[in-house]
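A.B. asks: Below is a structure I'd like to ask you about.
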Amino acid sequence: MENRIKRPRVDGECVKSINNGEFDRWDVEDTVAYLRGEGLQEWAQIFKDNGITGAGLLCLTEAHLEKMGVSPLGARLHILHCLQKLSQISTEPMKVFNDPIHGHIELHPLLLHFIDTPQFQRLRHIKQLGGTYLVFPGASHNRFEHSIGVGYLAGCLVKALNERQPELFITKQDILCVQIAGLCHDLGHGPFSHMFDGMFIPKARPADKWKHEIASVQMFDHLVEVNGLEAVMLHHGMRLPEDLIFIKEQIAGPLESAVLDQSQWPYKGRPVEKSFLYEVVANKRNGIDVDKWDYFARDCYHLGIQNNFDYQRFLRFARVCEVKGRKHICTRDKEVGNLYDMFHTRNCLHRRAYQHKVGNIIETMITEAFLKADPHIQIQGSSGRIFTISSAIEDMEAYSKLTDHIFEQILYSSGPELSEARAILQNIICRRLYKCVGQTTSETNVDVSQEKLLDWAKELARSKPTGTEGNLIAEDFVVSVIHMDYGMKEKNPINNVHFYCKNDPTKAIKIHKKQVSKLLPERFAEQLIRVYCKKTDDKSLEAAKKYFVQWCMDRNFTKPQDGDIIAPELTPLKQDWHAREDEDEEEEEKHRQNQTLPHHTPQRTGRNVKVDLFQARGETKL
């Protein structure tokens, strides 16, 4: 009878760490002890020789084992089966969603515990593009489906890096944390998305520097606590509190105050060796992240605008390279043009949809209605306390009840205290909107505050041209300043992107704009200044347009596109405007002359010259 090899018992500490889901903290000896305990002592030495620690166990595939020297297929499969027992993460069935953008997508069951909570389901009732839906009828999608898409794409990118570079030792816990961060990155959005944090809160609470990313972290903590998800996370092999810290850092950046020494690693959730993981969901370095990938595809789909960026191609070429001691996600050098196209797509979306002049004024009017209704709306929070729309951000239980429904709550109210707010929303529904009287730009970017906008409205009221009928006051004007950029204000985001070449995929390089094309933008940011008039009768609008042209002249802003039409008696008075137009015309005339001049044709005064291209050198026929 064949002698059976007695299976040695696994060390007690090793068993305890398995039960606690902390096997990724094992050193090489712990790994060897576990393998021997599973009857794999024949192959334990190979793991020891290759220096495999617990952090790398779940990253191993059959191909990795074969390269390490585990030749028999049966042995490789046996080892993989034993490694999978370390965590339930790789053995549980996935949940399938049918998404109109990404098709059939799979999400880990742990993610469902986050999705199936009131705090996450709240995102079903917050429009992704806020008031833009009232301009683009197809833009009816919500933060809910966008968040699921970001969670899915986050997993796609990290898994692609793991398959391409197993030496990164990306664990299943890493993948889950990145997916959860993608899933929960927008939990803090308020009614009508960016209208709430970009327009309403700055006016309702001007002293506060509130951002929806901070609210997302607070809502995430609230979600985990009230739904008892810490125990669920531990059951799925997560490490607490490190993984919770890591998830929140991906959403809002370092949780502690900024580190003065830039060389010091500011994050606590993951070590500097895994710095690239912080570039997946919200890439603070260059803005290339899965959040953009999803909203590009999803917003374009619902807006009816062509999306020119293919994230699938980026996934194919993404890899991690080390730069100055930190690891960054890089892409192939030949993809630099596609990345410029990506940021150009972002700019086009802002121009055509996100900053649409009608969509913007609708959100301005909604903001005005919310400000008037703010003291009269009561929302119950924790411990029975009552909050208003603007103070609900202080209490996550109250904030979780704040969605786009507040619009209908005001619109369908009957109390006299909400009459002013109700009237504004009724005007929106009936399309009685404030009218845009013009748009201009400044030669240099202006630091804009709420006080500056109010001062400009007062200046407009004083800019009445001579002979203009009607009187307008500051309260009749709304001044809006829109910032257009490539995502990093005046900076070129591609300057913060690293690439690699086919010849050496381990070395990161930078590619200057001049190496790509001479047709790329010289500037990466500008300001658009729009003026609206609240009075919508023809006489007031005609006067407001003349006020606006005069104000642009006084402020030395660019001439409005229709300035010569709406105020032909004013624009000739601004010499700078016409000097620029004369320069443009002279430039065009020179270009036209260069195009019409014959090339390589001998000229002689007073006589026609005919050239025989096939004549002998030195002969001329006249």
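Any Cβ shown, glycine's included, is placed from N, Cα and C.
Quick paste from Swiss-Prot:
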DOMAIN    26-89  domain 'SAM'
BINDING   Lys95, Val96, Asp116, Gln121, Arg124, Arg431, Lys435, Lys502  GTP binding site
BINDING   Asn98, Val135, Arg313, Arg332, Lys334, Asn338, His356, Lys357, Lys502  dGTP 2 binding site
BINDING   Gln128, Arg143, His189, His194, Lys292, Tyr295, Asp299, Arg346, Gln355  dATP binding site
BINDING   Gln128, Leu129, Arg143, Lys292, Tyr295, Asp299, Arg346, Tyr354, Gln355  dGTP 1 binding site
BINDING   Gln128, Arg143, His189, His194, Lys292, Tyr295, Asp299, Arg346, Gln355  dCTP binding site
DOMAIN    143-296  domain 'HD'
ACT_SITE  His212  active site
REGION    571-622  region 'Disordered'
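Buried or exposed, and what's around them? Tell me for each listed feature.
C.D. replies: Under the DSSP three-state reduction, Gln121 (GTP binding site) is assigned to helix.
Sequence-distant contacts of His356 (dGTP 2 binding site), defined as residues of its own chain at least six apart whose C-beta falls under 8 angstroms from its C-beta, comprise Thr132, Val135, Phe136.
In the three-state DSSP reading, Gln355 (dATP binding site) counts as coil. Listed in sequence order, Ile482, Met484, Leu528 are the same-chain residues at least 6 apart in sequence whose CB falls under 8 Å from the CB of Gln355 (dATP binding site).
Taking a C-beta cut-off of under 8 angstroms and a sequence separation of 6 or more, Lys292 (dATP binding site) has the following same-chain neighbours: Met342, Arg346.
Counted within 10 Å of its Cβ, the other Cβ atoms near Tyr295 (dGTP 1 binding site) come to 20, all protein chains included.
Here His212 (active site) comes close to Asp186, Gly188, His189, Gly190, His194, Phe196, Asp197: these same-chain residues lie at least six apart in sequence, with C-beta atoms under 8 angstroms from its C-beta.
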A.B. asks: Along the domain 'SAM' (26-89), what average pLDDT does this model show?
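C.D. replies: Mean model confidence (pLDDT) across the domain 'SAM' (26-89) is 81.
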A.B. asks: Could you tell me the C-alpha distance between Lys334 (dGTP 2 binding site) and Gln121 (GTP binding site) in angstrom, no decimals?
C.D. replies: 41
A.B. asks: Within 10 Å of its Cβ, which one of these binding-site residues (Asn98, Gln128) has the largest number of other Cβ atoms?
C.D. replies: Gln128
A.B. asks: What Cα-Cα separation, expressed in whole Å, is found between Tyr295 (dGTP 1 binding site) and Asp116 (GTP binding site)?
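C.D. replies: Approximately 22 Å lies between the Cα of Tyr295 (dGTP 1 binding site) and that of Asp116 (GTP binding site).
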A.B. asks: Pull the DSSP breakdown for the domain 'SAM' (26-89) and write it out as helix, strand, coil residue counts.
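C.D. replies: The composition, in the requested order, is 42 helix, 0 strand, 22 coil.
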A.B. asks: Of Val96, Asn98, Arg143, Arg431, which is closest to Asp299 (dATP binding site) if I measure between C-alpha atoms? They're all binding-site residues.
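C.D. replies: Nearest by Cα distance to Asp299 (dATP binding site): Arg143.
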A.B. asks: Ranked by the number of other Cβ atoms within 10 Å of their own Cβ, which of the binding-site residues Arg124, His189, Arg431, Lys435, Lys502 ranks first?
C.D. replies: His189
A.B. asks: Could you say which of the binding-site residues Lys95, Arg346 has its Cβ with the most other Cβ atoms inside 10 Å?
C.D. replies: Arg346
A.B. asks: Count the other Cβ atoms sitting within 10 Å of the Cβ of Gln121 (GTP binding site), across every protein chain shown.
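C.D. replies: So the Cβ neighbour count for Gln121 (GTP binding site) comes to 12.
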